[in-house]
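The domain 'LisH' feature in Swiss-Prot is assigned to 9-41; the stated evidence is sequence analysis. Sequence annotations record features per position, and here Swiss-Prot assigns repeat 'WD 4' to 241-280. Taken from Swiss-Prot, the feature repeat 'WD 5' covers 283-343. Per Swiss-Prot, repeat 'WD 6' is recorded for 345-384. What Swiss-Prot lists as repeat 'WD 7' is 388-427.
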Amino acid sequence: MTKILTSSQAEELHKSIIAYLSSINASRSCEVLREELQVDSSFDDALCRKYEGLLEKKWTGIARLQKKILDLESKLAGLQTELDTISPTARSTGKDPINWLPTSSRHTFESHRDAVTCVAFHPVFTSLASGSEDCTIKIWDWELGELERTLKGHMRPVSDLDFGGQKGHTILASCSSDLQIKLWDPNKDYANVRTLSGHDHSVSAVRFLRQTDNILISASRDATIRIWDVSTGYCVKVIDSQGSWINDVSPSFDGKWLVTGGRDQAAMVWEVASAKSVASLIGHENFIECCVFAPPSSYKHLAAIAGLKTAPPASSSSEFIATGARDKTIKLWESRGRLIKTLVGHDNWVRGLLFHPGGKYLISVADDKTIRCWDLSQGGRLVKTINAHGHFVSCIRWGPVPVSDVPVETSESTKSSKSDSVKPGFQCVIATGSADSSVRIFT
């Protein structure tokens with residue numbers, strides 16, 4: 001016990017035990033303990049009475065704390081069950097989440113006064129943030145279809161949004177043409193808790209390096225990528241692309257790599273640790289609007305498209321990349337720079353891309369007002385087109401995907417179809433934003 005307690009804590013415990021035994025007239029036990037615990041004669045009857053009741057108080061206090069912990073654990077389990085039940089996952093609606101694709105919209109949110117440029121889902125709650133050229137951010141309950149609040153702070157159009165931060169302390173990051181990045185705290189009614197300054201031109205995109213991380217990545221038309229520690233507000237690294245405008249940035253799932261795309265028509269792959277470019281993806285004939293790393297769940301399909309005999313290990317986070325551009329095409333790449341497929345079908349600028357968490361589909365939006373779904377298991381064939389909005393579709397995001405749903409490498413990862421799949425724990429919900437000033441939810 002004395003190895004766990006400090007000397008003063010141990011002394012207090014010994015005296016409390018002696019005082020308790022004295023109060024119940026166990027005099028022989030008191031004498032033995034005084035000798036064994038080496039409590040000197042200065043601890044007389046008057047001092048002993050000051051310690052009476054202390055042991056009982058601590059004992060009952062521990063019992064109350066144990067009961068409170070059990071009650072809180074039970075309450076937490078109940079809330080988690082309620083959350084899992086309320087959230088309209090494909091599983092809860094009897095659908096197959098691996099093959100789920102959006103159909104008609106469930107909600108249409110209309111409150112912005114100008115084009116919606118970006119959307120982002122809260123990782124835990126049914127909250128959705130949308131940013132607009134009207135310089136505001138709006139927070140919606142996408143489950144109930146209600147507007148919760150409007151955030152004002154940016155002086156020019158909001159360019160991008162992302163939720164992140166350490167577990168239990170989620171932060172919303174926003175960026176704008178006003179050259180600033182703002183951090184908003186959902187736990188404080190979305191108060192603007194910090195403003196990050198440093199870019200010399202419009203900030204195009206923000207992404208947290210990992211879902212539960214304090215590191216934020218920003219990309220700008222000043223041709224730089226900045227890495228920020230949101231807990232301090234300091235810029236910890238600047239990467240100079242030595243090129244032109246950067247329109248988009250996307251981190252790999254482990255946070256070790258970045259892909260950027262912009263005005264020079266090339267996508268670049270960067271190693272975060274060294275801040276060096278490791279590959280250039282050259283092939284588009286106009287500005288690149290969006291870029292994203294493929295999840296490991298899609299590796300087997302992309303490996304087949306690339307003509308590889310075996311898929312890369314699922315533990316690798318940066319094997320394949322998709323880019324979309326103003327040349328109306330989507331290109332699929334090996335991250336080392338080899339073009340493996342060009343997807344043609346959109347009739348206008350491609351503005352947003354995401355991979356289905358199940359790995360089978362790539363979903364895109366464009367200024368042709370549509371959402372298009374491409375089946376990677378069929379070589380990237382266009383299998384579905386949805387007329388999503390009445391004007392340009394500017395952005396798309398998938399609902400929260402638990403980190404545990406990203407597969408890990410096993411010895412059979414390239415042989416077993418079971419190990420290649422993602423556990424269907426993700427929510428099948430998509431949000432889009434449009435130049436028609438609306439946000440739509442597809443479930």
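Just so it is clear, glycine is given a Cβ too, placed from its N, Cα and C backbone atoms.
Not measured: the values here are computed from a predicted model.
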### Task
Tally the residues of the repeat 'WD 4' (241-280) by DSSP class, grouping H, G and I as helix, E and B as strand, and everything else as coil.
0 helix, 23 strand, 17 coil
### Message
For a three-state summary based on DSSP, what are the helix, strand and coil counts in the domain 'LisH' (9-41)?
### Response
25 helix, 0 strand, 8 coil
### Task
Write out how many residues of the repeat 'WD 6' (345-384) are helix, how many strand and how many coil, based on DSSP.
3 helix, 22 strand, 15 coil
